[in-house]
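According to TrEMBL, the features are:
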type: DOMAIN; residues: 81-206; note: domain 'Adaptive response protein AidB N-terminal'
type: DOMAIN; residues: 235-340; note: domain 'Acyl-CoA oxidase/dehydrogenase middle'
type: DOMAIN; residues: 349-507; note: domain 'Acyl-CoA dehydrogenase/oxidase C-terminal'
type: DOMAIN; residues: 514-634; note: domain 'Acyl-CoA dehydrogenase 11-like C-terminal'
Amino acid sequence: MVQSLLIAVRMAKLSRGPCVGGWERVRGLSSRHSALCAPQGTVEMRETGAAGAEDPSSPFSRSLIGTFFQDQPLLGNQLLEDALLQGYLRRHLPPEVLGEVCSDLERFSERLCSEIQALGRQCEETPPRLQHYDPWGRRVDRIITCPAWGRMKEISAEEGLVAAGYERTYGQWSRVYQVSKLYLYCPSAGLFSCPLAMTDGAAKIIESIGVSGLLEKPFRQLTSRDPKRFWTSGQWMTERKGGSDVASGTETVAKPQPDGTYRLYGFKWFTSATDSDMTLTLARVADKHGQTLQGSKGLSLFYVEVRDEQGNLNNIEVQRLKDKLGTRQVPTAELLLDGVRAQRISEEGRGVASIANMLTITRIHNVISAVGCMRRIINLGREYATKRFVFGKFLKEHPLHMQTMARMEVETRAAFLLLMELSRLLGREETGCASELELHMLRLLTPVAKLYTGKQAVAVISEGLECFGGQGYMEDTGLPVLLRDAQVLSIWEGTTNILSLDVLRSLAKSRGRVLEAFFTDIKRKLEAASVRPALTPAMKAVESSLHSLGQFAQVSSERGPDFMQLSARDFAYSLARIYMGTLLVDHAAWEGASQSDLCAALRWCEQDLCPVVTKEKTGCYSRDSSAMDTALVYEGSPAVRGRL
Ligand code: UCC
């Protein structure tokens, strides 16, 4: 009788949530009872009578720190937990491909949990370090990475994380397969996804130039599945004078050698994955008087093997490793190039145009990372919400919390479909079955997707950390690294503004045809989606935004370059939101679509899909407004006192 009474009291206490103190008073009961009563979390019971704890005579005893310990979020099979990925693959992949791809992704997702996730954590906990000198004073500049980083390289080869894009086992769908695998891998990769991005980009450039002669060996190694042969590549573009404006920021000089090779002399300011086997880099060819041509037309692209056969650096001095906010797993260094042996692989003066192929690939990898990490924080957050008990119920039963997570979900679904559309277009371009319209869409959507998902990732992951309360802010939970790493996604490979200007570059270079393709493609998709009346509100929103955007594009081309530049970011955001809305509508119109797919499309299209038109009405792209921007920012600033 007494027993059941005490248990009832305890249950009453618990419903108001655990209060550690309460436990002590009822300690007298056998431990089995107390464990049973706890509604959530793990109750670690200290065996009563265990040595020390109970012996008041002992001057030494372990601290009693309470019994409640919150269960941590667990990582399940990320393919089986991803309804949208499964739906997308079921909808698009031919039946003869679907089975094979899904079983490989399911197996790989198990490997993520059983092996790769822990390795990624080790890469974060054991960042690379630089040893300048050996014990006897010789300068060695050895970048020492942790064993897990080396193991990640082997696994990347075994799993064909780059090779899959070039083996083309599944024809035009090979990129969709590769990108799906990288999307699952990225959040667990310990940022090995970074060298993989540049490795894929380097293979792309070599393939576009032609896999022959000196480039045959590197291409085979970059696309090898053999861990002993697999090579990674760097992408050395950024110098002290600048990373965005390489045309005026590149000082590195390439001195021709009698044997047709070159020696590079210069200083690279931000070189990621500096432990890679090879790199592609920009430099200015010196003429016989040592003079070089300035500007973009003076830049050529060079292939460099970072070490010789003996493993010695190729006349490169590693000045220091960068102290970064995130991506600390990746060795990023400042390098002095003091006669680096190199081969020119682009026409002289066509360096930027040639490396643009690499930028397209690395920017798509940037999108993979953004979307993969958004999906990961949601998957961990929703799992945690089933075991975190607050205010008398689990987090998942709190409507406000679920509303917040649903908004993160809609953002992530829109970004995912944009990523997959990019991969589908890239796969068609590389297998020669892309139409002119699709080629234009690939050129336009690459910068749009990179700039928009880079921003989304930081916003969604920041919101995601809050889903864990204070634990989202504790490094040892392995959660904050997702946000720290995400911050780079809107900076490297071209900042948000630089890529907004690249959108304008694509319009100018294609004489507007990329925009015509954009309009045509959307109209086709909306027409096909009209079979689903429930989507009407979303379709109407996309149609009216598209119409407004069309009018804006008309006006802006007449208003001149300053106006277009000032509106570039909002214009790119409008392209992103309208196209993501279209893709959500298109996916929700598929006969296999779920209620959630429909809901995501409707909710996405409730927002302002065309911010450039909304903003334009405020006159914020006018010269006066631009002058006011500067005045606003510099009011009181000594830097420009009296000069505005
Ligand atoms: O950050 C870096 C490495 C980090 C690690 C990698 C991680 C990858 C993701 C991992 C996820 C986990 S390396 C630094 C990256 N740097 C950039 O992204 C550069 C950003 N700056 C730009 O994009 C600029 O706009 C530049 C460099 C492209 C501007 O160059 P120019 O020479 O001043 O501009 P031009 O004159 O307009 O372009 C020169 C030529 C033109 O071709 P032609 O001469 O035929 O008219 C352009 O059309 O290059 C062509 N071009 C392009 N073509 C320029 N951009 C593109 C493009 N995106 N696509 C095609």
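Quick reminder: no glycine exception, Cβ is built from N, Cα and C everywhere.
A TrEMBL annotation is a machine prediction, not a hand-curated record.
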Within the domain 'Adaptive response protein AidB N-terminal' (81-206), residues counted as helix, strand or coil by DSSP: 89 helix, 11 strand, 26 coil
DSSP helix/strand/coil residue counts for the domain 'Acyl-CoA oxidase/dehydrogenase middle' (235-340): 7 helix, 52 strand, 47 coil
Mean of pLDDT values spanning the domain 'Acyl-CoA oxidase/dehydrogenase middle' (235-340): 97
